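> A single structure is presented below for examination.
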Amino acid sequence: MGRNPLIIGITGRIASGKDAASKIISNKYGFYEISADKLGHLVLHEKKEELVKIFGQKILNTRNEIDRLLIRNLVFNDNKELKKLESISHPIIFNKIKKILIQNQSTKIIINAALLFKINLEKLCDYIIVVKAKAPIIKNRLSYSMPSIDSNIINKILEIQKDIFFKKNIINLKIINIINNKNYAYLEKEIEKKMQEIINYERFE
């Protein structure tokens, strides 16, 4: 892009450890973190009227606000509804992130996005870190972090996210995999190794 010193994208399925990895990189290596998930929440607020027209009043809570749990359950049970939501939210999220990059051109950036490839954010990145974990481990983590979430919803989320790492015609992009089937200390050590690889590569570029 001819802009920021270094832009790393980080992606992974739900409960893979993606968010923890992003925070480690942000805090330890001085990267400014952009959360696509948080921007997605903002889009729900900004596009409330349009979304209510499409999905109906059933996505609103008692305060007449869009309820993320209600809309999540709706779209994860209907692929057509999911595509409608993505067609509205993804271009806006992409443009918001691009704007943040322009506003922070002297800063190292990490873009934290589960749907990084679906939103086309790989176009903005120098490197992409993919955090992976086995499905049983993901489910076990979710049983602790989100005990109220329905197991059927978990299975549908994992099914939807199974191909989030694959995209044709990715060229000139350095993709780094981290397998996170263990604990936080192990994840930290893996990140240290991978970040050292990036630092060494950048040094000799």
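The backbone N, Cα and C atoms fix where each Cβ goes, glycine too.
So Swiss-Prot has the following annotated:
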- 7-205: domain 'DPCK' (DOMAIN)
- Ala15, Ser16, Gly17, Lys18, Asp19, Ala20: ATP binding site (BINDING)
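In the displayed structure, how are the listed features positioned relative to their neighbours?
Taken residue by residue with DSSP, Asp19 (ATP binding site) is part of a helix. The Cβ of Asp19 (ATP binding site) lies under 8 Å from the Cβ of Asn112, each on the same chain and at least six residues away in sequence.
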> Across the domain 'DPCK' (7-205), what does the mean pLDDT come to, as a whole number?
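For the domain 'DPCK' (7-205), the model's average pLDDT rounds to 92.
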